RNA sequence: UGGGCUAUAGCCAAGCGGUAAGGCAACGGACUUUGACUCCGUCAUGCGAAGGUUCGAAUCCUUCUAGCCCAGCCA
């Protein structure tokens, strides 16, 4: 596929052409404090994709500098998700493996008079920082001697001070219009057990100090991140320069991915999970990689979607219809096409001999003949879709109604002769006659029908559960300061139906994807599907220009 | 009201002084044993606005407007 140009690709290309760089190394640096979502997938596709395009390499690096929030469980799931998305990292690293070197660099800063130990409390530091429009003021501890700072910092490391009692700060400029440069905290005391280093450390580096060092240590040439870090770039460069690292990685920022009718922040996703609006991090309605995988989205579709939405610095919102498009596109030739009735209505073919049945040949995917054919049973009683019959049809309704004839996919023409209602007035059974001459595959062409409907033979039908999803977040009209995203949670985002499928699907494997004729693409739910009683998640419906 | 960033169609997005790519959506039409797919066609005299420079401006300059991000010992 033709690679569309984007500003980062242009920069890298130039760097290579001008000789600024002679190779490319990128990295995907997640913090193992939660599950990956499709926003991370964008970062993954960009980092791995770009490096690959230029013959470079990409590392997976866990940015594990805050033991309070991180856990091995997350590093495992992140690795799984990156692999599932189809990428192989060159080197696997942990920021925590660099703690010794980071400590040494901090000592260097102290010796250069560029860092100091501060005794101010968190609240005081905030007050001293000033505001967006007013400069901050210097801490009374700012002018401690290097010797004193060295001593204090070493004692911080040894565990002599309580959490929050002391921090190491960079000495930059308390009056900078960029708040990140107002003597940012470099190290904090935290007597916490780290998932990787255990209790070796009780001081941990902050992101702004750690990240540039990690990149420089690994020789990352292009450090790609999202736009909210733009303000941090001067600090990033300050750290690499003043810590006298051998090479200077270049930080480049791109806009986050947003998609309509969903939420992308870890905080909001966590809230949806914690408050049980959804059923866990892998709920098929969530944009988490695990949720999308369970819903049935393919890695290929996610990758293509991300590529097509592009890379820019803008903060736009991509229409979820584009995501839908790429799954349909990917599954079109791969997924078997079969018949499933989600809302069953019995249909009796009155002129089909009782007790008889036949096996019909049916192609598995007419757009991909190599997938072959299957046999499906047919007899006097079948199930059709409730919405495929109307007692009083509107104009341009091509399906069944009294006197109308339709084609049963892979079978015969049937004509509606009668129907039965229950006491409540609901249609419960349709009576039709069929024309044996119209069998699928025959050359019958004496008359045509406008509609073709799907069905499942009643005596062989296998019960199945279907789960249909709607957007988790409803459209919000005008902005309302009073409301939060929780006010727009769609409480009807999941609809569960019980219907029937063809018998050959009875023991279908988890994560198998298929198209139910005229409905859409479905995935076999890995958690709740069982042999003999499959559960299907609708990934996406088919497009439809039909409107009642 | 300090700093950083962004404005190209309903949405995403190319374009980098030579006369507005592409994708999604939408809308016509053809085909159709999926109201699907496929195919054909339509969809910015216009690039946030107003000035200016130039033979020529989405691209350069000026001013304005709107939106996003920043005051964690989170990343």
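Positions of Cβ are set from backbone N, Cα and C atoms, glycine also.
Annotated features in TrEMBL:
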DOMAIN    A:24-332  domain 'Glutamyl/glutaminyl-tRNA synthetase class Ib catalytic'
MOTIF     A:30-40  motif ''HIGH' region'
BINDING   A:31-33, A:37-43, A:226, A:256-257, A:264-266  ATP binding site
BINDING   A:63, A:207  L-glutamine binding site
MOTIF     A:263-267  motif ''KMSKS' region'
DOMAIN    A:335-435  domain 'Glutamyl/glutaminyl-tRNA synthetase class Ib anti-codon binding'
DOMAIN    A:452-525  domain 'tRNA synthetases class I (E and Q) anti-codon binding'
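Sequence-distant neighbours of residue A:31 (ATP binding site) (same chain, 6+ residues apart, CB-CB distance under 8 A): A:62, A:63, A:64, A:65, A:66, A:69, A:70. Classification of residue A:257 (ATP binding site) by DSSP places it in coil, neither helical nor stranded. Applying DSSP to the domain 'Glutamyl/glutaminyl-tRNA synthetase class Ib anti-codon binding' (A:335-435) sorts its residues as follows: 6 helix, 53 strand, 42 coil.
According to DSSP, residue A:226 (ATP binding site) is assigned to a strand segment. Within its own chain, residue A:38 (ATP binding site) has A:257, A:259, A:264, A:287, A:288, A:289, A:292, A:302, A:306 as residues 6 or more apart in sequence whose C-beta sits under 8 angstroms from its own.
Look at residue A:63 (L-glutamine binding site): DSSP puts it in coil. Neighbour counts of Cβ atoms within 10 Å were taken for the binding-site residues A:207, A:257; the minimum is at A:207. Sequence-distant neighbours of residue A:33 (ATP binding site) (same chain, six or more apart, CB under 8 Å from its CB) are A:66, A:69, A:70, A:71, A:74, A:266, listed in sequence order.
The most crowded of the binding-site residues listed here (A:226, A:265) is A:226, judged by how many other CB atoms sit within 10 Å of its own CB.
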